[in-house]
Amino acid sequence: MDRCDLERLLDELYGSRTDWQHNGLQVEGRERISRVVLGVSLCERLIEEAIADKADAIVVHHGFFGKGFLRVTGAMKCRLQPLLGHNINLFAYHLPMDAHPEVGHNALLAKSAGLHPDKYHEVGCYSNNPERLTTAQLVARISTYLDRREVLYDTPILPSTAPSFCSITVCGTTRIWPTGPACLENAVPNRIYICSGGSADMVGEIDADLFIFGEPKESCISIAAERGIGLVGLGHWRSEQPGLWGLQDYLKAKCKDLTVNYVPISCDV
């Protein structure tokens, strides 16, 4: 397909939400696109994988940040040079990929746990708990989805007392902080807020029993305890894979002439 057609398709999918990254086509490559590589974050390893795959375009969640590039040095040069040298297009969609109500990170995280988002705040989503699942059951479902396991993780045993500023690690690399009643043994949260990536700062403004996010921040743990909100940290990179999986399925359904491959460059942050 033509580059402009793919650009139009992606821009229509993700809309016009703005942030500190230019969302859309960031680097112009060849006009015809038949192979696309998807990844969470732009890096040299992902570019090398795209070159080996003979990709015509890369689509990422984390691309080049900043609205204008005044200097091309260091890491930016090392990433830009092979893109231009191999005539590869780069598309990036940051907050629009978090927030999309169908193929966004947060919508798909909620769906994986059997939750149904009923309200969006910023780029995250609120959900009730229609199946009355315990936090431990929710964690097992989401972690199984993120790690692409065929067998459901065992339901973890959570602490019986709170609050604690120290986490426990369960179901792969998921971390739970018992900073509120929702993260205690057999607790059933009523109101859940899900926001992938580096969203921990939002703990001071949300109205929820349980906050499921990506990357933790030290100052937010005590705020959660003071507000009685239980915390579940999935990992920044790990929590921001679903939108790429959703995009892969979307492009395969919409563009039969495209070959679309997701490349996981794992990061445990």
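Even glycines carry a Cβ here, placed using N, Cα and C.
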- Note on the structure: For the divalent metal cation site that TrEMBL gives as His61, His62, His236, Glu240, the extra residue out of Asp98, Asp201, Asp207, Asp209 is Asp98
- Other CB atoms within 10 A, centred on Glu240 (divalent metal cation binding site): 27
- Query: With the divalent metal cation site defined by His61, His62, Asp98, His236, Glu240, which remaining residues of that chain have Cβ atoms positioned within 8 Å of the Cβ centroid?
  - Reply: Val40, Ser41, His94, Met97, His105, Ser196, Gly197, Gly214, Trp237, Ser239, Gly243
